[in-house]
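Q: Marked as domain 'NADH:quinone oxidoreductase/Mrp antiporter transmembrane' by TrEMBL: 29-284. According to TrEMBL, the transmembrane segment annotation covers 5-26, 32-52, 64-89, 109-129, 149-169, 175-193, 239-260, 272-295, 315-339.
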Amino acid sequence: MIYGVFFSISVMVSGFLLFGGIISALVSLSLVGLWLGMEMNFLGAVAIMAGLSVEETESVIKYFIIQVVGSSILILAIMMLISACLMLLTESLILLSLMVKLGVFPFHFWIPSVMATLSWMGCFVVSVFQKIVPIWMMSSMSISSSLSFMVEVCAGITGLLGCLGGLSMLHFRVLLSYSSLIHLGFMVILCMVNISLFMVYLLIYSILNMGLMMGLWSTSTYSFLDIMNFSSRTQEQQLFWVSLYLFSLAGVPPLTGCFLKMLFLNSCWVMFPLGCVILVLSSMVSLFFYIGFFLCLTVPLSQSAFLKSSNGTLWGVLGTMSVVLNLVLGYMMFISVGLM
C-alpha cells in the first residue's frame, strides 16, 4: 500500500514537471525562462522513463548524459548572447545544442540506443514530448541563410539514416526509433517555415504513434519473433489492424499520414526543395520495412478465417480506433483542404 501511494505521487509529480515544463517554456518571454522550462520538462521525462530493469536504467543514464551536454551548451550560448559577443558563434552554439537534444544528424546515434530498452511509455515521451520545446525554440530563431541550409541538410540526412537504419531491424522499439528520426527531419524543416503547421503535424503524429504503441503494448509485441509465437488468433487480428498505423506513418494514401506528407510538401517545397526530396524518398524507403511487418501478420492470418475471432467479434477497441484514426480521419482531412 505504501509503495502504491508513493508510486502514485511520483507519477503525479513527474507528469506535472513534464507538462508544466512544456507550458512554461512555450509562454516564457525570455531565453532563461525557456531554458528553465526545458529543464523542468527534462526532469519530468527522466522520472517517467525510469524503470525497474537494468536495461531501462542504462537507457535513462544515456539520455540524461546527452541532455545534460545539450543543456550545458545551450546555457553557455545564452550567456554569450546576453553579453552580446560573437553573435554568429552564439547562434551556431544554440543550434548545436538543440540538435543534440533532438537527435538531429550528426547527433542521431543516441535515439535508437535509448529507445531500444525503454518501456512503451518512455518511447512515446522521447519520440513526442521531448521534441516540442527544442523545435519551438528553433522556430523562434532568426536563422541566417547559411545556417538554415545546414539545418536543411542535417534534417534530410537524419531522415535518410532513419530509413536505412530501420531496414534490418527486428525489434519494434528500435524500428520506431528510426521511424522517429524520419519524422524528426520533417518536423525540423517544417518548424522553420510555419510553427502552426508544425504543431498540426506533431499532434497528428503523436496520435498515430500513441495508437501504434498502445496496440503493440496490449498484445505484448516487442519483435517479429513475438508475432511468430502468437498462440491466439485474436492477437494476430488486433495487430493486423494496428499495422494500419505503420502504413499511415509511411504516408500511404489515403491514410492520415499521407495528409502530413502533402502538408509538408505544400508548405516547404519553395523554401527547402532539397530537404523535401530527401525526406520524401526516405519515407518511401521506410515503406519497405513497414510492408515486411504487414506481410508477417497476413501470412499466419491467411491460414484461418479472418472474419472470425475467438470471442465472435471482428472489431475490437484497437481495430476500431485504428480505422477511425487512419482512414476516417485521413479522409476528413483531405476533404477539409479540398483534395478529394
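The backbone N, Cα and C atoms fix where each Cβ goes, and this holds for glycine too.
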Q: Could you check if the transmembrane segment (149-169) is in contact with the transmembrane segment (272-295), meaning 3+ Cβ pairs under 8 Å among residue pairs at least 6 apart in sequence?
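A: As far as Cβ distances go (cut-off 8 Å, pairs 6 or more apart), the transmembrane segment (149-169) and the transmembrane segment (272-295) touch.
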Q: Do any residues, 6 or more residues outside the transmembrane segment (272-295), come within under 8 Å Cβ-to-Cβ of it, and if so which ones?
A: 152-153, 155-157, 159-160, 162-164, 166-167, 169, 175, 178-179, 182, 185-186, 189, 192-193, 224, 243, 246-247, 249-252, 261, 264-265
Q: Any chance the transmembrane segment (109-129) and the transmembrane segment (32-52) have 3 or more Cβ pairs under 8 A, given the pairs are 6 or more apart in sequence?
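A: Contact between the transmembrane segment (32-52) and the transmembrane segment (109-129): present, because at least 3 Cβ pairs are under 8 Å.
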Q: Which sequence positions outside the transmembrane segment (175-193), separated from its termini by at least 6 residues, show Cβ-Cβ distances below 8 Å to it?
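A: Same-chain contacts beyond the ends: 102-104, 108, 111-112, 114-116, 123, 126-127, 131, 135-136, 138-139, 143, 148, 151-152, 154-156, 158-159, 161-163, 165-166, 169, 201-202, 205, 209, 212-213, 249, 260-261, 264, 267-268, 271-272, 275-276, 278-279, 282-283, 286, 289, 293.
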